[in-house]
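Data first, discussion second: the structure below is written as structure tokens.
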Amino acid sequence: MSALTSVPQGGNSVLLNQTLVTEFLLLGVTDMQELNPILFAIFLTMYFVNVAGNGAILMIVILDSRLHSPMYFFLGNLACLDVCYSTVTVPKMLENFLSTSKAISFLGCITQLHFFHFLGSTEALLLTVMAFDRFMAICKPLHYPFIMNRQVCIQMAVTIWAIPFLHALLHSIMTSRLNFCGSNHIHHFFCDVKPLLELACGNTELNRWLLNSLTGTIAIGLFFLTFLSYFYIITHLFLKTRSCSMLHKALSTCASHFMVVIIFYAPVLYIYISPASGSSLEEDRIIAVMYTVVTPALNPLIYTLRNKEVRGAFNRKIRKQL
């Protein structure tokens with residue numbers, strides 16, 4: 001919905017060729033309406049796997065005292081984060097699959113944008129901290145208990161959640177100050193900066209700079225630090241570790257972590273690092289499904305299938321219930 005605005009001038013009211021947008025229409029994942037029931041079933045299943053799997057991991061990490069270590073403390077944060085991250089976009093997407101009205105209010109749109117960038121940036125920072133934790137545990141085992149103590153872990157967790165909130169606030173404020181004229185149809189299944197800039201009238205250069213340069217630099221920087229941590233870990237393992245069992249155990253743990261990193265960063269870097277003309281909004285919609293729906297559902301499967309301690313904690317919990 002939009003309303004015409006006018007400005008009084010010399011006692012008369014001059015009608016401007018500009019509209020005040022009060023709501024947007026989310027066009028969804030695809031323009032092929034006949035696919036909506038199938039996509040609804042698929043995404044609902046994946047959302048259930050996400051919530052159930054990550055919820056189970058969070059519960060196990062909290063209840064099992066054997067998992068009260070820095071690595072599993074951050075894994076619990078990741079599980080909680082994945083549930084929240086998907087919940088920002090998926091419920092609204094599922095609603096729109098079954099609804100003829102695909103409207104979202106202006107405030108609702110900006111709020112969704114804010115929490116999407118907040119939780120996405122938090123996950124990028126958390127994956128970097130998890131890589132650093134593995135680096136300290138494997139490469140500096142004598143210093144590890146002193147450096148990664150409980151107080152430091154809590155301080156890291158607070159920082160991980162606080163800094164991205166401010167970063168996302170910058171995007172949401174800058175986007176909310178834009179003027180939107182003409183169409184209010186968002187070619188996406190959720191509100192994001194990139195498709196909203198396509199609808200804005202006026203100068204959006206600063207917004208595009210913040211999105212491509214600032215957010216892009218942060219994403220590349222965090223990915224580089226994460227990759228560097230795993231590179232040092234692998235180098236250290238092959239040069240210093242003489243026990244095959246210890247080498248296999250360490251590589252198995254790092255492999256699950258690094259797999260999560262690759263699945264998360266590959267689509268994110270493609271969308272936010274590529275030039276504005278480099279990818280279409282249609283491509284962005286498909287790729288966004290990967291890191292908003294698929295990745296959060298895969299994370300619990302990766303950690304439970306590849307992590308012996310988590311599998312053991314699950315088995316112990318199940319045996320107690322039987």
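Keep in mind that glycine also has a Cβ here, set from the backbone N, Cα and C atoms.
Taken from TrEMBL, the feature transmembrane segment covers 38-63 (among others).
Under the heading domain 'G-protein coupled receptors family 1 profile', TrEMBL lists 53-303.
Summarising the annotation, TrEMBL assigns transmembrane segment to 72-94 (among others).
Residues 71, 74-75, 77-78, 81-82, 84-85, 88-89, 156, 160-161, 163-165, 167-169, 171-172, 190-193, 215, 218-219, 222-223, 225-226, 229-230, 257, 260-261, 264-265, 268, 291-292 of the same chain lie 6+ residues outside the transmembrane segment (114-132) yet bring a C-beta within less than 8 angstroms of a C-beta in it. Feature annotation from TrEMBL assigns transmembrane segment to 114-132 (among others).
For the transmembrane segment (152-170), the residues of the chain that approach it from at least six positions outside its boundaries are 70, 73-74, 77, 114-122, 124-126, 129, 210, 215, 218, judged by C-beta separation under 8 angstroms. Feature annotation from TrEMBL assigns transmembrane segment to 152-170 (among others).
Marked as transmembrane segment by TrEMBL: 218-239 (among others).
Feature annotation from TrEMBL assigns transmembrane segment to 251-273 (among others).
The transmembrane segment annotation in TrEMBL covers 285-305 (among others). If one looks beyond the transmembrane segment (285-305) by at least 6 residues along the same chain, the residues whose Cβ comes under 8 Å of a Cβ in the stretch are 29-30, 43, 46-47, 49-50, 53-54, 56-57, 75, 78-79, 82-83, 85-86, 88-90, 116, 120, 187-190, 192, 256, 259-260, 263-264, 266-268, 270-271, 279, 311, 314.
With pairs at least 6 apart in sequence, the transmembrane segment (72-94) and the transmembrane segment (218-239) have fewer than 3 Cβ pairs within the 8 Å limit; the two do not touch.
Per-residue pLDDT, averaged across the domain 'G-protein coupled receptors family 1 profile' (53-303), gives 87.
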